[in-house]
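One structure, pasted below without further comment.
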Amino acid sequence: MASSDAEALCPPVLTAGAMQAADRYTIEEYGLPSFTLMETAGRGCAARIQDAYGPLEDEAVVVLCGKGNNGGDGLVVARHLVTDGARVHVVLASAPDELSDDAAHNLSLLRQLQADGAVGERLTIGELEDVETLTAAVAPLRPRLYVDALLGTGLTSDVREPIRSLVTWVNGRTAPTVALDVPTGLHSDTGAVLGVAVRADRTATMAAPKVGLRVGEGPTRAGTVEVVDIGMPPFVLDRAAEKPGCVRETTDAAVRAWWPARDPDAYKYSVGTALIVGGAPPFAGAPVMAAKAAGRSGAGYVRCAGPETIHATLAGALTTIPTLPLPTGDDDGIAPDAALDALAEAADTADAILVGPGLGRAPGTAQFVRRLVRTVDTPLVLDADGLNALAGHIDELADQRQAPWVLTPHAGEFRRLAGEEGALTDRVRAAQTYAERWDAVCLLKGMPSVVAGPTGRTVLGSIATPALATAGTGDVLAGQCVGLMAQGLSPLNAAAAALHVGGAAAERYGATHDPRSMVATDLLDMIPRVAAERFGEGRRQR
C-alpha cells in the first residue's frame with residue numbers, strides 16, 4: 001500500500017511498462033501462469049461484450065487478431081462468444097506460426113472446437129489477404145460487432161501494414177467496435193495516435209486503466225472504458241503503480257473517506273474559516289460563486305474581500321457571507337499597502353485563503369497578490385487573475401512564500417506561468433514537472449484535469465462531462481477547494497475531492513437536464529445534493 005492516502009484510496013492508472021511489470025510479478029512471484037491470465041482476461045472481455053451488446057446468439061461478430069498477446073485475448077473472446085451462440089469470424093492478421101505461444105495455444109483450442117463440430121458452422125477462421133477480400137467475406141455475415149485485438153500496449157511506433165489498412169477498414173464499418181486493452185494505434189502512455197488508430201465505441205482494458213486511455217486522443221478513441229478483472233492481486237497493481245509515469249484517479253470511495261465529518265458539538269469556527277479575495281468590475285460574480293461554493297462544501301465561516309468599488313455588489317449578493325472592502329488605487333486596482341493592512345485580521349484568522357476569481361489585472365492588484373503570497377502563513381489557493389499576477393515571478397515566489405499553495409490553472413494560465421517551456425503535449429508530465437518546480441499542488445484543468453503534488457503524487461479527475469464547458473465553473477472549483485482545505489483536508493486531497501465532486505455535480509445536473517443548459521450557479525445547487533447522495537456518510541481522512 002502506498003504511503004499517501006490519495007494513492008491508497010484512488011485506483012492506479014498504469015503505463016505500458018508498469019503493466020508489463022504487473023504481469024511479471026503475477027507470473028513469476030505470485031505463480032499465476034500467463035495462459036491463465038489470458039483466459040481470465042478473454043473470458044472477462046467476452047462477458048463485458050455480452051453485457052453491452054448481447055444477447056449475441058445468432059449474431060455475427062468479427063474478431064480481428066494480431067500475433068501477440070492482444071491477439072491471444074481476442075482468440076479467447078472468440079471462443080467464449082461462439083460457445084455462447086454467436087456466429088464468430090476470426091481474422092488472423094499474421095501467419096499462425098508467428099503467434100505468441102499463448103495465442104497459438106488458444107488458436108489450437110478454437111480449431112479443436114471447430115473440428116469437433118461442437119459449434120457447427122458458427123465459427124470460421126481466416127488469414128488476412130487484403131481488405132477487399134475481407135470486405136467480401138464479411139458482407140454476407142452482416143456483423144453486429146467488431147472486436148479489435150490487433151495491437152496492445154506494447155506499440156511505440158507508427159502502425160505498419162497490413163494492420164494499418166485493417167485499422168482504416170474497421171473504422172469505416174457501421175457496426176460498433178470493441179477494443180481489447182487499448183485501441184490499436186493508440187500510444188498507451190501518451191494517448192497519441194501512432195499513424196492511425198481504431199476509433200472504438202468501447203474498450204475493455206485489462207486489470208487497470210492505461211494512462212493513454214485518459215489523456216491525449218485516448219478518451220475520443222477508446223469510447224466507454226471498462227476495467228476487466230483478470231485475477232491480479234491488488235497489491236501487485238499497487239506495486240506496479242510505483243513505476244514512473246503512473247498516476248491514480250479519483251473515485252467516490254476516496255472522496256467519501258476524505259469528506260469532512262462534523263462532530264455533534266461543532267460550531268462555525270470549528271469547521272473551517274475560508275477567505276476569498278477576488279472581484280473587479282465587471283467580474284464581481286466570480287468571487288460570489290467561489291464564496292458560495294466554499295460554504296456549500298462545508299466551510300463553517302466564509303468571508304469575501306474585494307475592491308471597494310464593487311463592495312455594494314458583493315454585499316448584496318452574499319447575504320449570508322460577511323464581506324470586506326479593500327482600498328483601491330489610481331489604476332482602479334487594489335492599493336497594495338492599504339489593502340494588506342485591511343486584510344490582515346481576516347487573513348490571520350482564516351484556515352485557508354483563495355486569491356484570484358475575477359480579480360482583474362491592474363498593476364496594483366498584481367503587486368498586492370505577490371506581496372500577499374510572500375507574507376501570509378495561511379494555506380493558499382491561487383486561481384484566475386491570482387495566477388496571472390504570478391507570471392514572470394513564480395519561481396522566486398515559490399522560494400519566498402510562507403505557506404502551502406494550490407495552483408489551479410487552465411491551459412492558457414499554465415503557459416503564462418511556465419513560459420515558453422510550458423508545453424502541454426503531455427499534460428500529466430507538465431503538471432508533475434511544475435508542481436515539483438514550484439513546490440505546489442498543481443490542479444491543471446482540462447481533459448483530463450490533473451492534480452499533481454510536489455513529491456510526484458498525481459491524481460486524475462475521473463469524471464468528464466461537457467456540462468462543465470461554461471463560464472464560472474473554475475470559480476466554483478476554486479471555492480470548493482478552499483472550503484475543503486479550510487476544514488483540514490491536505491492540499492492534494494482537497495484539490496482532488498473538489499475536482500471529483502464538481503464533476504459529479506455536473507454529471508448529476510446532466511442526468512435530468514440538457515447539459516448544454518448548465519450554468520455555473522447550477523453547480524452550487526447540485527453540490528450539496530451530490531454530497532448527500534454519494535459522499536456525506538464518509539469519515540474525514542486528512
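Glycine too: its Cβ is placed from the backbone N, Cα and C atoms.
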Looking at K(+) binding as recorded in Swiss-Prot, which candidate out of ASN69, ASN70 goes with ASP148, THR184?
ASN70
My understanding is the cutoff is Cβ-Cβ under 8 Å with a sequence separation of 6 or more in the same chain; which residues meet that for MET447 (ADP binding site)?
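Within the chain, MET447 (ADP binding site) has Cβ neighbours under 8 Å at PRO219, ALA464.
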Quick check: which same-chain residues outside ASN70, ASP148, THR184 lie with their CB within 8 A of the centre of the K(+) site CB atoms?
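Same chain, not in ASN70, ASP148, THR184, Cβ within 8 Å: LEU64, GLY66, GLY71, GLY74, ALA149, LEU150, LEU151, GLY152, ALA179, LEU180, ASP181, VAL182, PRO183, VAL198.
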Quick one: what's DSSP say for THR470 (ADP binding site), helix, strand or coil?
coil
Where does THR184 (K(+) binding site) sit in DSSP terms: helix, strand, or coil?
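For THR184 (K(+) binding site) - judged by DSSP and reduced to three states - the answer is coil.
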If you count other Cβ atoms within 10 Å of each one's Cβ, which of the binding-site residues PRO466, GLY472, GLY474 has the most?
GLY474
Calculate the distance in Å between the alpha carbons (Cα) of LYS445 (ADP binding site) and ASP181 ((6S)-NADPHX 1 binding site), and round it to a whole number.
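Pair distance, Cα basis, whole Å: 26 Å.
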